[in-house]
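To start, the structure itself, in structure tokens.
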Amino acid sequence: MSDETLKQLRQLDLTAGMNEHALQSLAGDCSMQRFQIDEAIIEAGRRDNDVFLIASGRVRSCLPDSAEPLDYRGAGAAIGFLPFLQNTASKVNVFADRELVAFRLDARQLPTVLQRHPILMRNLLRCVGLTKTDTLVRQRLKPIAKRVAFLHTGESTRHTSVQLVNRLHQLDESIVCVSDQPDSKLPRARPVKLAQQTSVPQTFPVVETEGEPADRIVYDFSFSTLMDSPAAISWLVEQMDQFYLLLTPDCHQTLAPLISKLIDRLNEQQRHIDFIWQLATNTQVAPKTELQFRRDFKVHCDESVSLERVIHALRNVSIGIAMGGGAARGMSHFGVLRTLENAGIVIDRMAGTSVGAMVGVIYCCGHSVDYGIDHFTQSLKLPWPYTKLPNGGRLFLLRKFRKRSWESMLREHLNDWTLAQAQIPISTVCVDLITGKQLVRQDGDAVHAILESINLPFMAVPICRDGKVMVDGGLTNVVPTDVLINQGCDYVIAVNLSNRLSRNFEGNTSQTPTDDMKPPNLGQVWGRVLDVHTCNISQHSVQQADLCINPNVAEIDITNFGATRRIAEIGRHACEPVIPDLKQALHQLDAKLFPLPETSTSV
């Protein structure tokens, strides 16, 4: 790839928000082409036209039987994308109206390319006035897996697949099941005997070619038995759209060699497997494992919310929430999370910066909203001596950073858990001062990830580890919506605590007479500089969000953790008014999965 290609890609509006690594990857997925005036780019009547991203110049479109221009498009336009989405032939001819530079994307590879570059996908959709919630987009770019295999590492997990299939039935999916259990409780189950099979069981092709019409076919087997049937496993590896391995914490170590064998087999075919951990009622996190998988789910059979996250995945839906920084103001995140819970909104993935990371990790590791509120109120309430000191709150936080007492406080609640073990996938954001780039943590020690993300400049010493010098993620990314988009979320909720500034700065307001104004000290100036900085860059951070919640916390002192319960109420008041719009948007994403409440009509 040439430097010129990367330079042109960086300047495209359609690549706004993509990082350098993503741009380099995209440069390998497209080709830069130059067109002379009147040279044809798109031919009417053809279904195999590629998609072009215009870097410079201008195009004109005309009807097939006319030379009269219908429209002109310039730099930043995407040509051929809408016919691609509609899977129809172009209705117009498109010519270069001026000398043109454009990036060509092969239409045959475009769905894969867009899945690899979600920010590009979002920008392209906005360019043509669509979103990922549109049915047309979902059918073309995110079709559901028609053939799904549930592989059980023990009989105790069978009930989970029954619950999942029954839930899909509630969503009006027509499903045919094939099971190695003769008395399977799965609906419309066809039994098949796998033990000692030397060829593909006859049931498999019959279901595929002559079975009853179905939206989805589910294969439900014992993992160990299936691995003893080479013909069956070969057929499934070739035919399945999605594999789920259902495990319990007490069996995964014993079966690890066999599981690794299947994973290697799938990797050879460029296929992936998802894990479903079935946890005991009081177990908060999954066990640590070195097994490699694409993603995993942690479910409690007596808890519908955790099962619903698997249903979201089966329906190809992912809802994310990005929580911003703001010290004690971040306690409003608890109010937002409680409101979403009460509204029945199931979150699939989270990302957090600074206090958003701290609240998010606590929550994602299975602690309730009430637990979090009580914990922060008790652990961070300002001790009595500091209440008598000027700027006592800041001195208290400074001491916690300098004495490194954050870690011991967090260990009480997170032990030595890793982010990967959390019930809900969570990413934290910090900044490496060596490279100036943000670092996104999805694995590794959960407490370390929080400490890196909350490490406030001017108050804490940077954390030096593994060739990196790390500070608070809010330095570059206050509300990490881009992280969730890059991770494939279809709908992103942002919670921005930096949406406004207090109009009172250390006793000074816009109406304070000059003679009455009080010069702030250096510490107060630095604090205000950070507030101004985060307020401005937060506006950029939330631009990619589908919904932004803005708790009015500007007047809350950033050290007032003792008011956690009251601050959480501010989050609730900010979130409740947007719930109807949120439900309407999710209904557009999947009407069956997110039905609107019935409205009563008077006669």
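Numbers run from 1 along the shown chain.
Cβ atoms here come from the backbone N, Cα and C positions, even for glycine.
The feature motif 'GXSXG', as given by TrEMBL for the ranges 57-61, 197-201, 287-291, 352-356, sits at 352-356. For Asp472 (active site, proton acceptor) paired with Ser354 (active site, nucleophile), the C-alpha to C-alpha distance reads 6 Å. On the 0 to 100 pLDDT scale, the model's mean across the domain 'PNPLA' (321-485) is 93. Classification of Asp472 (active site, proton acceptor) by DSSP places it within a strand. Cβ neighbour count for Asp472 (active site, proton acceptor) (all protein chains, 10 Å cutoff from its Cβ): 27.
Non-local neighbourhood of Ser354 (active site, nucleophile): Gly324, Gly325, Gly326, Ala327, Gly330, Ser453, Ile454, Leu456, Asp472, Gly473, Gly474, each in the same chain, at least six residues away, with C-beta under 8 Å from its C-beta.
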